[in-house]
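Notes to accompany the following structure.
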Amino acid sequence: MRLYKRVKELLLPTQLIDKNLNIKLGFIMWSLLIFSYALFVVNWGFVTGLNGQGGNDPGILSSFFKDGDKPSSFEVQATNWAITLGRGFGSILIGWMIVKFTHKNSVVIALSLCLFAIPAPYMPSYALFVIFRTIFAIGGSTLMILFQPLVTAYFKQKTKGMLSSFSTWGYPIGAIIVLVPFAFNIESAKVVRSHWQLILLISSSLYLIPLILYLILGQRFDLYRSYVISLKEKHLKELVAKGLNYQRPTIKMFLSKKSTYKWAIFYGSWLIAVTLPFVTIRDQLPNLVLQIYNHKDVSIKEIRALALPIIALWLILFNGAIILAPYTVGLWNRLNARRKPFIITILLIGILLWIISILCFIFLVGPNLDKNAINKNIIPWSVSIPFLVLGFFAGLLLWGIQGVFLNNPHEIPENTSEKIAMQFGFIWGFGYFFFTMLLIIISLLEDFTNHNLAPWLWFSLTIIFTIIAPITWYFISETKPDAPLIPKRKNQ
């Protein structure tokens with residue numbers, strides 16, 4: 001019992017520290033989490049390219065299934081659904097852990113779970129490989145939530161908006177790094193896949209860097225008197241003004257709020273818009289072209305090989321556009337203007353550009369994916385320009401708006417770091433649940449539909465499910481109801 005108390009005192013000290021928070025250290029902690037999340041995306045995304053086709057094709061599947069008896073497509077999909085649901089549960093759990101065990105300890109736990117990826121490539125069976133990768137995925141997914149309490153604790157409102165925009169860089173940049181080795185040359189991709197264990201081992205071992213640094217540099221900001229007093233005074237002032245009493249955030253509190261479910265639907269729909277292309281577009285666009293033009297003496301494999309460089313470049317531009325987001329779409333966070341109309345407008349324009357971009361591929365690039373082009377192994381790049389340019393701007397808007405809507409909870413004055421942590425846990429958790437449900441619907445409808453209709457079903461359902469995002473945001477509360485629709489100039 002004494003040992004338990006001693007350990008608890010070491011891990012969860014309660015004595016306040018009479019110093020100001022170190023803003024530079026707060027930025028370092030935030031940067032470590034950004035790096036860790038990007039590393040998670042890289043490690044997680046590599047598996048898609050490293051899987052291979054099984055049999056004689058080098059990669060993960062041929063290593064675990066020597067006789068070519070690889071899992072069916074449904075088994076692979078079901079595994080992915082289970083992992084995504086696990087990430088959802090992990091997101092909710094980490095929000096609760098921040099309140100219960102403090103932010104720093106939650107970060108250490110999340111980064112420690114990521115270390116399960118290190119032995120995963122050397123597991124004796126595919127089942128154990130998936131289990132270890134699932135534990136890793138739960139830890140990695142929660143890192144996005146762990147940004148938010150740091151932003152609340154260390155930075156002023158204008159800086160919060162800027163950091164919310166930069167916080168979104170992790171996934172797109174990680175996705176680009178994953179795309180490059182597999183995107184442009186099939187033979188070089190085979191060479192990369194033949195070293196899949198070493199690649200996963202190195203990328204997983206890098207997690208030791210942020211874990212060790214966070215153990216050394218990570219601050220228990222909840223113990224700093226200046227933070228505790230200023231936050232409580234501000235929080236209590238807002239509550240008194242609204243005639244409310246202070247309540248420590250609980251899971252029950254968020255489950256009883258309608259806003260929790262609005263956010264879940266919104267976030268799941270938005271995830272479809274920005275992440276589904278990375279997973280499906282390389283297969284589905286060639287399928288659409290083959291269905292429409294029925295090029296003679298051309299196989300789907302040949303069309304995919306020829307179209308791969310253009311589609312890969314589209315994905316790089318779509319995801320890479322996020323780099324400009326803090327200097328374009330993200331600037332709205334710094335303006336005194338209403339958020340809701342802007343977010344809805346940007347989402348609708350982004351979805352429209354995405355649709356037009358796909359149509360440009362079908363009707364401009366598609367006719368050129370014929371036998372003549374395959375024999376020459378080249379497509380006229382001029383027909384690809386509209387597809388690529390529209391993809392870039394669609395990515396800029398759809399990815400860029402994330403920094404604005406993720407700043408929404410930070411703009412609610414009565415939100416504390418604990419409340420924001422748990423709220424983001426539910427946003428990510430329930431959002432992943434809704435996202436998984438939409439993926440299951442798309443997959444099952446494709447499986448039970450005529451093969452010729454499946455690509456069109458993918459295209460149609462993707463549009464329908466992404467449109468849910470701006471519709472849902474209309475019902476989420478405005479954080480600046482008294483601000484003008486369009487920001488006024490300073491000289492007015």
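From the backbone N, Cα and C atoms, a Cβ is placed for every residue, glycine too.
As written in TrEMBL, here are the features:
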type: TRANSMEM; residues: 21-46; note: transmembrane segment
type: TRANSMEM; residues: 81-99; note: transmembrane segment
type: TRANSMEM; residues: 106-124; note: transmembrane segment
type: TRANSMEM; residues: 130-151; note: transmembrane segment
type: TRANSMEM; residues: 163-184; note: transmembrane segment
type: TRANSMEM; residues: 196-217; note: transmembrane segment
type: TRANSMEM; residues: 261-281; note: transmembrane segment
type: TRANSMEM; residues: 306-330; note: transmembrane segment
type: TRANSMEM; residues: 342-366; note: transmembrane segment
type: TRANSMEM; residues: 378-399; note: transmembrane segment
type: TRANSMEM; residues: 420-444; note: transmembrane segment
type: TRANSMEM; residues: 456-476; note: transmembrane segment
Mind checking which residues of the chain, 6+ beyond the ends of the transmembrane segment (130-151), have their Cβ under 8 Å from one of its Cβ atoms?
26, 29-30, 33-34, 36-37, 40-41, 43-44, 47, 79, 82-83, 86-87, 89-91, 93-95, 98, 103, 106-107, 109-117, 119-120, 123, 160, 163-164, 167, 170, 204, 221, 406, 409-410, 417-418, 420-421, 424-425, 428, 432
Do at least three C-beta pairs under 8 angstroms join the transmembrane segment (306-330) to the transmembrane segment (378-399), pairs 6 or more apart in sequence?
yes
Mind checking which residues of the chain, 6+ beyond the ends of the transmembrane segment (21-46), have their Cβ under 8 Å from one of its Cβ atoms?
107, 111, 114, 117, 136-137, 140-141, 143-144, 146-147, 150-151, 153-155, 163, 166-167, 169-171, 173-175, 177-178, 196, 199-200, 203-204, 206-207, 210, 213-214, 217-219, 221, 224, 226-227, 278
Output the single range from 163-184, 378-399, 420-444 maximising the number of Cβ pairs under 8 Å to the transmembrane segment (456-476).
420-444
Ranked first among 163-184, 261-281, 378-399 for CB pairs under 8 angstroms with the transmembrane segment (420-444):
261-281
So what's near the transmembrane segment (163-184) in sequence-distant terms, Cβ-Cβ under 8 Å and 6+ beyond its ends?
30, 34, 37-42, 45-46, 48-49, 143-144, 147, 151, 155, 192, 274-275, 278, 308-309, 312-313, 315-316, 319-323, 325-326, 329-330, 333, 395, 399-400, 402-404, 406-407, 410
